[in-house]
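Quick look at what Swiss-Prot annotates:
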| type | residues | note |
| --- | --- | --- |
| CARBOHYD | ASN54 | N-linked glycosylation site |
| CARBOHYD | ASN62 | N-linked glycosylation site |
| CARBOHYD | ASN125 | N-linked glycosylation site |
| CARBOHYD | ASN167 | N-linked glycosylation site |
| CARBOHYD | ASN288 | N-linked glycosylation site |
| CARBOHYD | ASN342 | N-linked glycosylation site |
| CARBOHYD | ASN411 | N-linked glycosylation site |
| CARBOHYD | ASN456 | N-linked glycosylation site |
| CARBOHYD | ASN592 | N-linked glycosylation site |
| TOPO_DOM | 1-15 | topological domain 'Cytoplasmic' |
| TOPO_DOM | 37-655 | topological domain 'Lumenal' |
| TRANSMEM | 16-36 | transmembrane segment |
Amino acid sequence: MKLSDVGLDVVKTPRLVKLIAFAFLSISTIFLFNHFSDSFSYPSLPFPISSSSNVTEAIQTNITSVAAVAPSPPPRPRLKISPPPLPPTVVRTGIINENGAMSDSFEIGGFDPDSIDELKSATGNSSVEEKESPEVGFQIEKLKLCDKTKIDYIPCLDNEEEIKRLNNTDRGENYERHCPKQSLDCLIPPPDGYKKPIQWPQSRDKIWFNNVPHTRLVEDKGGQNWIRREKDKFVFPGGGTQFIHGADQYLDQISQMIPDITFGSRTRVALDIGCGVASFGAFLMQRNTTTLSVAPKDVHENQIQFALERGVPAMVAVFATRRLLYPSQSFEMIHCSRCRINWTRDDGILLLEVNRMLRAGGYFVWAAQPVYKHEDNLQEQWKEMLDLTNRICWELIKKEGYIAVWRKPLNNSCYVSREAGTKPPLCRPDDDPDDVWYVDMKPCITRLPDNGYGANVSTWPARLHDPPERLQSIQMDAYISRKEIMKAESRFWLEVVESYVRVFRWKEFKLRNVLDMRAGFGGFAAALNDLGLDCWVMNIVPVSGFNTLPVIYDRGLQGAMHDWCEPFDTYPRTYDLIHAAFLFSVEKKRCNITNIMLEMDRMLRPGGHVYIRDSLSLMDQLQQVAKAIGWTAGVHDTGEGPHASVRILICDKRI
């Protein structure tokens, strides 16, 4: 074999070809690296990289090994390339300076001046002065106490100027919401001599006089066994206008009249209209039935305030011209004992509102003089009531003494089989019976869902955790099973509340009246029940989100629709605990944060607690407002740890 042939074979070997290619690639890399390193500097990275000298040394080692086989080509002359021109000077347009604080030196683009006024009105009219400064970003002056005349102030129900402008009050318009344009800018003071409320269940029977210092009810209703004063306390014997011998005996009579009512099982959520001091609801609670007691403000002086001080679920509400703030098919039983409402006026529109809220198959219990007295005018009222209830397909199932009980049908079959032209008519198919925020009552019969939603809920306590069928009718963005969403929410809040009970010793708080400002499906309230805290929760569904209120009632809980840009319809000093989960991050573009927290303070009892779970970015502002109000406030990590984007602001209101 010739030597030249051997050399040719070596040149053709794949090994040599790879080595030459690698050497060429290495030289190209060095050239490019040197070229770009002259023009750019690299930002800091979260991980280390090797220096260029080390890379060069490694590449030179590879080149030397290749040179032993084939000679390297002569070095190429380095090209002289001028660096790229510097970028143009950037004009600072941000509102954050180099220290990360707000700056007053920035530029903005063109804008429409009118849009600024619209934005101000959209975020709420606040009379509380809030300041921005480069040093702290947000400041608020310490808030002062209101005048003593506002001790029992409910902003949207005590707007005397607006009420005086009403052209007509025949239907009770003066008792409806009329919110002032100017928001509250001070703190509601407690009455002189205010004490920490007596704890439940003792509060069912007695409360401190100084906490609700009003004697008119004693003067008006003392003879009916409602209430009496004993030294420094009000005492509640448990009677009422139609049940002088006590609410317990009255409830026994109802149970005997309607065995299927089964309080605490089939009948879990009830509504008591014109509740007096709420003895009916107070005694139903020991039968495992939660009763929402409602009455207008000051028909009898502060009756709802007495109910709340006793620890009974209650809310100021009136049957006038607008729908009440509860969804369709909310209550298994609706009760009216001498509630002084003319159910047959205006073609029965008020009873049609009761029908909207009454669950299919539910009971309407009416204890009134027309049921049992024989005066001509009362007998005429009874005949009108019988005629109206017959036309809306209610069945009179029992009349005994002064009590009459009707039952609502389970479906629409009776409605559609009525004679043509029978009034009231069925509501239009496109009517939403759960649309209640500032919506007028309608003179029509609310249709029942053809699929039976709302009628076939489980019995208590299983219904608390059984996803109701009406869950499928909620208008919401859901890409996975809605039942799984509800169950996941319940698991989440059970874990969270369990940690609150363990770490912050909630059982020592002796909570009774609780407000959840953004309730979702009611998971927070369900967790309180599961963990054995003897309290009731007012579950609020904000108008800005999905209307989950029907699901809350189907679970055996209670709540209402509300817009937190406006005050809530309750008395000052209502709640022991106010809970707000991600409320401010959702509402900050619509509402004034300071106004919301002032409203929270109005509703919070002295000695009460506020738990705000929200975005870390809002905590500084929320904490400053809390301190301006006078709360003791501290920010805490969640169970996700210190690096999570969520924090808990815990506040206490001093007595």
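Cβ coordinates are placed from backbone N, Cα and C, and glycine is handled just like the others.
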Determine, using Cα-Cα distances only, which of these glycosylation sites is closest to ASN167 (N-linked glycosylation site): ASN288, ASN411, ASN592.
ASN592
Could you check which of the glycosylation sites ASN411, ASN456, ASN592 is the closest Cα neighbour of ASN288 (N-linked glycosylation site)?
ASN456
Confidence summary for the topological domain 'Cytoplasmic' (1-15), mean pLDDT rounded:
46
Among the glycosylation sites ASN456, ASN592, whose Cβ has the fewest other Cβ atoms within 10 Å?
ASN456
Just to confirm: which same-chain residues, 6+ apart in sequence, have a Cβ under 8 Å from the Cβ of ASN342 (N-linked glycosylation site)?
LEU350
State which of the following glycosylation sites has the fewest other Cβ atoms within 10 Å around its Cβ: ASN167, ASN288, ASN411.
ASN167
Expressed to the nearest Å, what is the distance separating ASN456 (N-linked glycosylation site) and ASN411 (N-linked glycosylation site) at their Cα atoms?
11
Quick one: Cα separation, ASN592 (N-linked glycosylation site) versus ASN411 (N-linked glycosylation site), in Å?
44
